[in-house]
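Novice: Have a look at this one before I ask anything.
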Amino acid sequence: MDFKYDVIVIGAGHAGCEAAAAAANLGSKTCLITMDMNKIGQMSCNPAVGGIAKGQIVREIDALGGQMGLVTDETAIQFRILNRSKGPAMWSPRAQCDRAKFIWSWREKLENTPNLHIWQDTVCELLVENGEVVGLVTLWGVTFKAKCIVLTAGTFLNGLMHVGRHQLPGGRMAEPASYQLTESIARHGIAYGRMKTGTPVRIDARSIHFDLMDTQDGECDFHKFSFMNTSTRHLKQLQCWTCYTNEEVHRILREGLPDSPLFNGQIQSIGPRYCPSIETKIVTFPDKEQHQLFLEPEGETTQELYLNGFSSSLPMDIQIAALKKVPAFKDIVIYRPGYAIEYDYFDPTQLKHSLESKIIKNLFFAGQVNGTTGYEEAGGQGLIAGINAHINCHGGEAFTLARDEAYIGVLIDDLVTKGVDEPYRMFTSRAEYRILLRMDDADMRLTERAYHLGLAREDRYQLMKTKKEALEQIVNFAKNYSMKPALINDALEKLGTTPLRQGCKLIEILNRPQITIENIAEHVPAFQRELEKATAADSDRKEEILEAAEILIKYQGYIDRERMIAEKLARLESIKIKGKFDYASIQSLSTEARQKLVKIDPETIAQASRIPGVSPSDINVLLVLSGR
């Protein structure tokens, strides 16, 4: 057996799976090393993919030729679009998945990917020669050689779990931690730190009084994650349930705080701000009388339920006693308690936008080891790292995404430019070009780039082109078709909008909030015929195309304005400054700016402007020095 590869990926979580699939599908001889082949793509916390901004990332992964969207659609047991009451820039898909089927779907895809081999083992050392990674050594004493390595070790690096005052080494419940690897990397000058995350109890459904909870149903419309017309949701669609904590629950939780590792000094690491434990909630918001809980199924047939909103590392008896004070949980039986876990991460400002280390050539980092939290954030990073590892092996320009191209671009730019001091989670508010980064048009933004790269296949590219042509046909018809008051006013009144006083173009009527493409098409036969003609080549995705067309029509002004702003700022992206200045010697820069610029060494003026502590006056100094 030959232990020489183009690309080796360490860790088979969400980042590792995407990285390995991308590198192999692009043609690199790839090896994915995992501690347990039965946990490939494991959903370590909640059994769900997507959510606010995260759903857009999954759509982008799919548009680029990644796998997460396909796996999610195949294993979804409930699907919803979040933020429906807001504009389309905020719409975010989310799916509950069957946890076990999710793992096997990923494994099936990876095992049947050409150029990809899977090896079960634990990596304990990287081999570095002259500042370049050349291989690794495993606990079994196997030496691998590689042109590039992608580290996606998740929470396993020196992982330590906590339940009350009990501590147990591990990367996940009942799974061993990975030792020696952090130290092997750090000795080459790469800085690292510690972070913390947590997960809630898992509950036996047979012990729950569901009649005392509210139900939360999914949506059974055309929406899904993948843009491919072969992707379907075929599993049984299930309910979720909601309920609330109360003062009695909070009283018991407060009594347990002296034994809470978060409050007794046992855990020093920082946890995710936007996914706090239940004990953090009651301390931070002491006046809040209740907190909402979501009970989510772990699979199509299992009795195991996930209690979203009750992450905890309190002693197990406190967790159970508190939950018993919720009426629906009065007879609760759990499979395992909630727990917290501390783990190592590496400072992401030591990375290029390609996710390659600035310190060790051909070593890439992706996922939770970069200080992020979330399957989707990990998957997006893994995809980019896998692509660029392949490019480093075979030559070519690094593949990066700009902030106006993708949420993945925002994510990576934030990491490498600003760094992290707590687990990073993506939100729509982090993106300044939200209307350009909608969930409906990720294929329009990214598939062509992925096609020319070689990752998006011909069938995906043709689907994108067909959709693009249909959108152009519908929008152009609406711009040019004239409407006469006598022919449309009765319909407008029925639809609850003001009648026309004079003729206008159809697009002006479609801009009204009460009007949709489908309800006006019922009254305009020529438009109905045009819609049928435009979507004839892709009738399976007709609803998706009509939704995208309506968004383009109603929000075109906002889209154009945001694109114009992005293009203006793009001029600063074209001014390259990496390696041009000795920042420490430029006295006209502020002290903080000098320190930050030396540390980050930004690629462009635009990136420099996004570094915290670098002021507009500092940017003006750099512009003058650049001859601008």
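Every residue gets a Cβ built from N, Cα and C, even glycine.
As the structure is a computational prediction, the values presented were derived from the model and not from experiment.
As annotated in Swiss-Prot:
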BINDING   G11, A12, G13, H14, A15, G16, V123, S178, Q368  FAD binding site
BINDING   271-285  NAD(+) binding site
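Give me the lay of the land around each of these features.
Specialist: Taking a C-beta cut-off of under 8 angstroms and a sequence separation of 6 or more, A15 (FAD binding site) has the following same-chain neighbours: T152, G154, A366, G367, Q368, A378, G379, Q381, G382, A385.
In three-state terms derived from DSSP, E279 (NAD(+) binding site) belongs to a helical segment.
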Novice: Around S277 (NAD(+) binding site), which residues of its chain at least 6 apart sit with Cβ under 8 Å of its Cβ?
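Specialist: Expected: G198, L262, G271, S311, S312, S313, G338, A340.
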Novice: Where the distance is taken from Cα to Cα, which of the binding-site residues G11, G13, V123 turns out closest to C275 (NAD(+) binding site)?
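Specialist: Ranked by Cα distance from C275 (NAD(+) binding site), first place goes to G13.
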Novice: Tell me, how many other CB atoms lie within 10 A of the CB of V283 (NAD(+) binding site), whichever protein chain they belong to?
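Specialist: For V283 (NAD(+) binding site), the count of other Cβ atoms within 10 Å is 17.
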Novice: Around the Cβ of G11 (FAD binding site), how many other Cβ atoms lie within 10 Å? Please give the count over every shown protein chain.
Specialist: 30
Novice: Give me the Cα-Cα distance between V283 (NAD(+) binding site) and G13 (FAD binding site), rounded to a whole Å.
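Specialist: With distance taken Cα to Cα, G13 (FAD binding site) is 33 Å from V283 (NAD(+) binding site).
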